[in-house]
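J.: When I checked Swiss-Prot for this same protein, it listed these features:
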DISULFID  Cys2-Cys17  disulfide bond
DISULFID  Cys9-Cys22  disulfide bond
DISULFID  Cys16-Cys29  disulfide bond
Amino acid sequence: DCLKFGWKCNPRNDKCCSGLKCGSNHNWCKLHL
């Protein structure tokens, strides 16, 4: 399972869905441009 947009995440263990990235300073999955 991957983390969806806006979900809380850990930047050191990024489990966000493809196309998303865990923001290191706000700890939620955002669009990876």
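Backbone N, Cα and C atoms are what each Cβ position is placed from, and that goes for glycine too.
Tell me about the setting of these features in this model.
T.: Long-range neighbours of Cys17 (disulfide bond) (same chain, six or more residues apart, CB within less than 8 Å of its CB): Cys2, Leu3, Lys4, Phe5, Cys29.
Note: Cys9 (disulfide bond) has non-local neighbours Leu3, Lys15, Cys16, Cys22, Asn27, Trp28, Cys29, i.e. same-chain residues 6+ apart with C-beta under 8 A of its own C-beta.
Counting every protein chain shown, 22 other Cβ atoms lie within 10 Å of the Cβ of Cys16 (disulfide bond). A strand conformation is recorded for Cys16 (disulfide bond) in the three-state DSSP classification.
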J.: Could you say whether, by DSSP, Cys29 (disulfide bond) belongs to a helix, a strand or a coil region?
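T.: In three-state terms, Cys29 (disulfide bond) counts as strand.
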